[in-house]
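Going by TrEMBL, these are the annotated features:
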type	residues	note
TRANSMEM	12-40	transmembrane segment
TRANSMEM	52-73	transmembrane segment
TRANSMEM	80-98	transmembrane segment
TRANSMEM	104-125	transmembrane segment
TRANSMEM	137-157	transmembrane segment
TRANSMEM	169-188	transmembrane segment
TRANSMEM	303-319	transmembrane segment
TRANSMEM	339-358	transmembrane segment
TRANSMEM	370-390	transmembrane segment
TRANSMEM	396-417	transmembrane segment
TRANSMEM	429-452	transmembrane segment
TRANSMEM	464-484	transmembrane segment
Amino acid sequence: MVFRKPPDGGWGWVIVVVSFFTQFLCYGSPLAVGVLYLEWLDAFGEGKGKTAWVGSLANGIGLLASPVCSVCVSSFGARPVAIFSGFMVAGGLMMSSFAPNIYFLYVSYGIVVGLGCGLLYTATVTITCQYFDKHRGLALGLISTGSSVGLFIYAALQRELIELYGLDGCLLIVGALSLNILACGSLMRPLESSSSPPPEKMFVDKVPDQYFVYHEKEKTVEENISILEKGYIDEKCVNNGPDCKQDSILNKNALSSINVNEKDTYKKKVVEQTNFCKQLAKRKWQLYLTYWKETMVLFKNKVFSALFVAILLFDIGGFPPSLLMEDVARSANISEDDYYMPLISIIGIMTTVGKLILGILADFKWVNTLYLYVTTLLMTGVALFAIPFAKSYLTLAMLSGILGFLTGNWSIFPYVTTKTVGIEKLTHAYGILMFFAGLGNSLGPPIVGWFYDWTQEYDTAFYFSGFCVLLGGFLLLLAALPCWNACTNQSSKLPPNTYSYKVASNA
């Protein structure tokens, strides 16, 4: 498919608006799942670790399945994928209202809604990149705030809906709101060139003649003629007796010669097909080997290896507060009358502020984005260590705001990755890092919940979370200080890539 030059405006701004609302509608409930988490604890009576799997799956499955999401968008286009994913998100939320147990929620809310969100994120990012070139950073920054605004609004909205209509009614209404994704998806008009050649002609021109094994129409006609001739000869022999023997022998000789020629042709074409399949398999195997060689070269970079450990530990320790902070407040016996705003809403709005401010700081030439990222990790670890000492709404709200702001470091993570491995290896490296970020998102809340189930208090859990984030930050700092220039200037010539990897980042 041939695309026109990105217009950097026009209908592209419509794409930005609908992509913003798409992320707002799809990520609002999964990111604000902490409100639902309390209700599921009371409704099903399961342990905190087991119940936390629902929210962690919903937020991590999109990253884990990001290669599949990219293939779907590349194969079918952003608009069909967005519309289909809208049905997935809305259907998963509505199905969750009828959940008889926590295991049903693993599928309906965790997998179905999570996968739908991953597909929608990839679709919105892809269509936005197609429409923008010069202002691509601004456009991507605007649509990425949709998820944070959704977290801010949905936290209060879901709490209000639960009070008015109960948990089941809340999920039904939120699922109905998600159907607006269909309208947003229908406006994602693909940017295609009107002068592109017809698909059939392109396909025929690209396929070599030796790979056409059969000409079905001709073959079918010849077989039908042979059958008719044979039937005619048999009928003639029955009616005329011995007079047809000579003609029958001649015809059999002719048919046998035709059969021999057909068998030779068939064998020749089977050999050609076999050789083609062998060459195709060999080429695919070479591509896989090239991919793993490139991966091994990436891990020889000390800073990249430390960054891989840091992002995994950061998501294991830094993601649970957005899911469990409401339960932390309830465990501290904070009265609901003291609530001026849900803690998750504070995290959401401060994440938006953090993304914008940290993103602006990363554009200054005098700011080293790697050190800026390390600073956010270390500060996050300290804030997590402080949570067990917070016994009032005010202190928890302040810590929620700090953690939300620092979580905005996702906006500078692509800068850090680019500076570490170079622009030519960015997609490969970013795909690996995002996969393990999704793994951390999935494991973090259940681990914290299991700590609570074992100790019946959150103190040990958040000490563990803070230790994980601090460990990742210190490892990244140690890897960066002595050999930062050596690692960034280190260049290993790799064979040219034949794949184009597209990996969705975290919302």
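Glycine is no exception: its Cβ is also placed from the backbone N, Cα and C atoms.
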Within the same chain, the residues 6 or more beyond the ends of the transmembrane segment (396-417) and with Cβ under 8 Å of it are 141, 144, 307, 311, 318, 321-322, 325, 328-329, 332, 334, 340-341, 343-344, 346-359, 361-362, 369-370, 372-373, 376-377, 379-380, 383-384, 386-387, 390, 426, 429-430, 433, 505-506
Proximity verdict for the transmembrane segment (303-319) and the transmembrane segment (80-98), three or more C-beta pairs under 8 Å:
no
Per the Cβ under 8 Å criterion, with at least 6 residues separating them from its ends, the transmembrane segment (137-157) contacts 12, 16, 19-29, 31-32, 34-35, 124-125, 128-129, 131, 174, 322, 341-342, 344-345, 347-349, 351-352, 355-356, 359, 411, 507
Counting only residues at least 6 beyond its ends, the same-chain positions whose CB falls under 8 A of a CB in the transmembrane segment (169-188) are 14-15, 18-19, 21-22, 25-26, 28-29, 36, 78-79, 82-83, 85-87, 89-94, 96-97, 120, 123, 127, 154, 157-158, 161-162
